[in-house]
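To keep things clear, I will list the structure first and then write my remarks on it.
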Amino acid sequence: MRVHLVRMIILSEPEAGIQLSANITSSLQSVCEWGRRINPPNDTDPLHADLSLYITRYDLVLPDGNGQVRGVTRLGGACSGQWSCVVAEDTGFDLGITIAHEIGHSLGIDHDGVGNACSRSGFVMASDGGYDSVDLTWSSCSRRQLLAFFSEGKAECVKDLPATRGSLQDWKPGLYYGVDDQCRIAFGSSARACSFTNVDWPACRVLSCHINPHDDSSCKRLLVPLLDGTECALNQWCLRGRCVSTEELGPSVVVHGAWSGWSDFSACSRTCGGGVAHRTRQCNNPRPAFGGSHCKGPDTEAHLCHQQPCERTQLDFMAEQCSRTDPHPLYLQPHTASFYTWIPAVGFAQGDEQCRYVCQSQGENFMVSRGAQFVDGTRCESRRPPPFGSTAACLRGRCQLFGCDGSLHSGKVRDVCGVCGGDGSSCTLTSDSYTGGQAREYTTFLSLPVNATQVHIVNRAPYFTHMAVRIADRHVVSGTNSMSLNTTYPSPLDDNRLEYRLHLTPDLLPAMEELLLPGPLQENVNVQVYRKYGKEYGEKTNPNISYHFYTPTSSSTNPAAIGKWTVFTTPCSVSCGPGVQTHASVCVDEDTESELEEHSCEAPPPSIPLHTPCQLSSCPPRWDAGYFGPCTASCGGGERVRPVRCVQGHRADVVVVPDSECPPDTAPLAVEKCNLQPCPARWRVSEPGECSAVCGPGEAKRTVSCVRSEDGQEVEVDQNHCPEELRPADSVPCVVDVCPVGWEFTEKQHRPVVKCGFVPHSKQAPVYVWSPFISQCSRSCGNGTLRVWFSCVDHQSTREVPDVHCDASTKPNPYSETCNASPCPPAWRTKQGACSVTCGGGVASRVLYCAGEAEGEERVVEDSECRDAPKPTVLASCNTHRCPARWKVMATSACSASCDLGTARRTVSCVQSVHGRERAVPEQRCAGVKPATAVPCLVQVCTFRWEAKPWSQCSVPCGYGIQSRAVSCVGPSEPEPLSPLLCMHVPKPITIQGCYTGSCARPTDAPLAVAEVKGTPPAPTLDHREPPTSRLPPSSTKATIAPQSGTDATPAPEPPLCGQLLLHESGTVDLSDTTGRCTVSIGRPLDEVIHIRLESSSLNCTKKEYVAFFDRLAFIRKCEQVAGSELTTRTNVLLVRQNLLTPGNGVKFTYDSRKNTKSHHQDCDIQLFSPNGVFENPNTPGTNHTCRVLINAPPSVKIRIQALHIGLVFNSSNSQSTYIMIRDTDVLKTNVFKGQQLFLWHSSGNMAEVEFHGDYLHSAGSFRAQYSFVRP
């Protein structure tokens, strides 16, 4: 037998003739009567149906309250005049089983296992439903009953054949309805397939769906199989509840995919700057299956729209979208919000990744996705450079390429002339070169006209020249007398942009400049060149520029220009109020007005605005309805409200006007009914009545009824609708005051105990009895406990008295008993998850569920049964104890050196987390060693260096002399000397050293007197002289400070040794009596060095005790094997530092001075040891040797230098090469002073070097300064 569908009627509104109610018989009768009215009575009519099928989502209920029924019909009523109809409840895709089951009843087939020998399950007519099966068949009992129904003549109406219109293909329903479609049909439009699987259920046996679109953590399951043909794995499909491959399908027909119809084009995504309008189709009509091929062709069509330029750049449009997410926190840790300023990640993210709303945190070094995707039409950077005229723009989260015609993936490009789809014949090539220009000026060597295309300019000699670009009276590249870095104008995302690229050599020197302008240019562009030196310096200073570009051919020389430009204007975009009109230049034939290609008209088209505003008459007032709020009830009929107001457009704004100005008959409803489904019935109890006892314990009666909420009112219903196991008791325990003596109790244990054994009748003699006292029940429901104890009371007054008045031997023992045994109503309960933090105050998520108790065990019920109970919050505080304090690096400064190794300072704080927020606390709370505040850093390797020439011959034929050499600053690939400022990041090599050419016969040396300079006499303007020093005998036990007068002066008492500057030529230093850190300095003339011998040492290396030796060029630190070692300095100053923790430990050493065989100073250098004085710049007429003034103070003493006079005249020729450089030797920091501005300088340590360059070396007395020692 085959069932044919004759007609389908979809009822979008309730039908008045169909009345569904709790009376299932009357519901079926109303459906059958309605079916007879709409069904043609003549059986020969093609629209006549033998059986009417009514499908509803109304919850069918049997008279006994059974809500599991899914369909109803009259047994054998198929061809009867009154009962030829079926009602089936739509519960999803198992509806087909319900319909087959009920049609079987209508054809006289009863349930299997009812009055027959067939099994009660496993077949279509199973009495247990079998709705979770997809492989059901008809049982033998069903076949026999169907044959009997036909043989008895009860099915005559079904014997006429319907008009057939071909046969349906044997395609499975899952090919048309995927898992997402099945979820939406079963659970609503927002449902989708579950994103995880449950191994306990086969993939095709259960429908699992996410119900909440914002919650992927849970799924709701419907125990119905997936439709046959639903894809369940790669190249596998569901078939009769099993996930099978194509091999197991056998001869199943291969199903090739077919496209659905195109959707409508979306609205343009942007109002300017080039938005996107798109439409889509799906390969689901049907889906490809069983090895069939996928649909061929694109699933998306799109084109650019609203391409008129915006006031801001394409990069600004992306930046606006990123900045909108600034108020939205980023959770780097659970429940810890961090806020950042978000900017485009241009240059870091590309392609599809860039379109997925990827933004960069300003000032940080990371980028994240801040949403699903950027607005369609947002420009993106494709991983490959797009062809000329193509546009890379975001579309549905992917970076797509649009042709020059604005269509997605059209492949159309512009030719070199800028014509979309052109052949390159409408323009001419211009190319040339340029090597001129004026020194220290910007010279325009190329003025590019409007509509120029494919502009390419290269400068291959950017050593002393660079290019600049000027547009609209302002520079967009360079223009500040210095070379520009890589630049894109107006932004890297704009379609018609200018790109300037500076190419570097491996040594990071300029190698080539390149300028690219694809065009067509929309305005005149001037390209300029700046040269540092004039032509008189030779060809090396010239630019080497070559360029080429294309310009449109004029109409007089273009025979193909047979058309004219015509402006077409569209009607106003609105029918009332403010709108926009679009203008377009179209090339048309002058005679026929037919449209031609762009190259057929004189290029370029006239400049016209793409859009102009238009203003029609004001729009009439209209009703504006907002969104409905929540329903006032979750079931039983509630109301929800939305705002409704009368508004009118006024230019670009919408204003609210009085409701009287809008037509009242079209006003939308502000209130509507909602959640009309009946609420589940529940038990309701009245307040307890009077207690049955006059005194003591008793019972109070109360009324128990079953109610259900309908239309906001509670209506009493039959008690069969409420769960019997949860029915409250009809009475509750109650307690009245203490009973008087003699009152009869039902239970013996509650009787008062009389001391004398009789009931007194006289008030004269007091009588005391043990009377029971009963506590309140510990729980109001669900088996509580009450406590009974006895106290002594006065019989007459019933007042409690001390127990000594009663007989202690007769006092009953206290006891407990159960009370309020009726089950508690359902209430909200929680299960708490893990805490977000381990300390400092976090939050934990709690799972809320409604549960009651049955027989002492928890029983989970529907959430609706707890609607009257207070609902806990889903988040709870946890781990509120304080976190231990810890060290945290807050911020790090820039590197102290621009190249090579430097130092970066960072802030280190002790912080503690309290309630998710970190705050600074005293450092004593932090355990462990505090991280270093100074760390090494390396920005880049230095490319400029000092280059030293070979040493000259020794200045004397015999004995000790000096040698000199030239030292200049050079670049990686530039042989000519550069400014010394470029090499200031590294120490300058020495330019003077000592030399020895053999012994000379000469008289014995005179006694040595320490002078200020070596090789040249001191400047006559000095206010002081260094004190003479005499050699001390080597056996001297202590080194002393140089006397302030002659050698025969009476020595003063010896001051403390630490912190002293020793100027003797020899001596012994004993540091064993010092404590802590001790520093001693030894100074000698510039042509001497210092020799040290360590006589003894008692340093403890395990306690980090050590002795260190510093001179200007070396650093040595010792602890082990110190005694007996020797060392010789390379310069004339030595700093000795001892770090000591244990009293009595330390080192003892002797020193003496010797002639320096390898001089590290110039003849013009000056050494100063005095505590104050005035010095001038040394000079070296006829040479370019650099001269220095070296100042050494005692340890822990600072140096102050105040410039008093600068007598040089500075101009453009000497302003860069003439300067004073002061080096703070202790911290390796250098300051440069140029020009005539007097200055004041302070050192960080006790050593300073003042170095003179340029004209200072040839102008004696052109600089004078005062220096002094400053003690801290």
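One is the number of the first residue shown, and numbering goes on along the chain from there.
Note: Cβ is positioned from N, Cα and C throughout, glycine not excepted.
Keep in mind that what you see is a predicted model, and the values were worked out from it rather than measured.
Now, the feature entries from TrEMBL:
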DISULFID  Cys32-Cys85  disulfide bond
BINDING   Asp43, Asp160  Ca(2+) 2 binding site
BINDING   Asp43, Asp50, Cys157, Asp160  Ca(2+) 1 binding site
DISULFID  Cys79-Cys157  disulfide bond
ACT_SITE  Glu102  active site
DISULFID  Cys118-Cys141  disulfide bond
DISULFID  Cys183-Cys209  disulfide bond
DISULFID  Cys194-Cys219  disulfide bond
DISULFID  Cys204-Cys238  disulfide bond
DISULFID  Cys232-Cys243  disulfide bond
DISULFID  Cys268-Cys305  disulfide bond
DISULFID  Cys272-Cys310  disulfide bond
DISULFID  Cys283-Cys295  disulfide bond
COMPBIAS  1032-1048  compositional bias 'Polar residues'
DOMAIN    1164-1270  domain 'CUB'
Using all protein chains in view, find how many other C-beta atoms are within 10 Å of the C-beta of Cys204 (disulfide bond).
24
Please name the residue among the disulfide-bonded residues Cys79, Cys85, Cys268, Cys272, Cys283 whose C-beta has the most neighbouring C-beta atoms within 10 angstroms.
Cys85
Which residues, same chain and not among Asp43, Asp50, Cys157, Asp160, have a CB within 8 angstroms of the centroid of the CB atoms at the recorded Ca(2+) 1 site?
His48, Cys79, Glu156, Val158, Lys159
By a simple count of other Cβ atoms within 10 Å, which of Cys32, Cys157, the recorded positions in the record, is least packed?
Cys157
Taking just the CA atoms, what is the gap between Cys157 (Ca(2+) 1 binding site) and Cys32 (disulfide bond) in Å?
16
Could you state the CA-to-CA distance between Cys310 (disulfide bond) and Cys268 (disulfide bond) to the nearest Å?
15
Chain-internal residues, separated by at least six, CB under 8 A from Cys295 (disulfide bond):
Gly257, Ala258, Trp259, Cys283, Pro288
Quick check: in three-state DSSP terms, what is Cys305 (disulfide bond)?
strand
Going by C-alpha distance, which of the disulfide-bonded residues Cys219, Cys232, Cys238 is nearest to Glu102 (active site)?
Cys238
How big is the Cα-to-Cα gap, in Å, between Cys141 (disulfide bond) and Asp50 (Ca(2+) 1 binding site)?
24
Per DSSP, to which secondary structure element type does Asp50 (Ca(2+) 1 binding site) belong, with helix, strand and coil as the options?
coil
Between the recorded positions Asp43, Asp50, Glu102, Asp160, where is the Cβ count within 10 Å the lowest?
Asp160
Using DSSP and collapsing to three states, where does Cys32 (disulfide bond) fall: helix, strand or coil?
helix
Spatially, which candidate from the recorded positions Asp50, Cys183, Cys194 is nearest to Asp160 (Ca(2+) 2 binding site), comparing Cα atoms?
Asp50
Reported as an integer number of Å, what is the Cα distance between Cys194 (disulfide bond) and Cys209 (disulfide bond)?
4
Within the domain 'CUB' (1164-1270), residues counted as helix, strand or coil by DSSP:
4 helix, 50 strand, 53 coil
I'd like to confirm something. Which of the disulfide-bonded residues, Cys79, Cys209, Cys232, has a Cα closest to the Cα of Cys268 (disulfide bond)?
Cys209
By CA-CA distance, flag whichever of Cys32, Cys79, Cys118, Cys204 among the disulfide-bonded residues is nearest to Asp50 (Ca(2+) 1 binding site).
Cys79
Do you know offhand how many angstrom separate Cys85 (disulfide bond) and Cys238 (disulfide bond) by C-alpha?
33
Among all protein chains shown, how many Cβ atoms are found within 10 Å of the Cβ of Cys118 (disulfide bond), not counting that one?
20
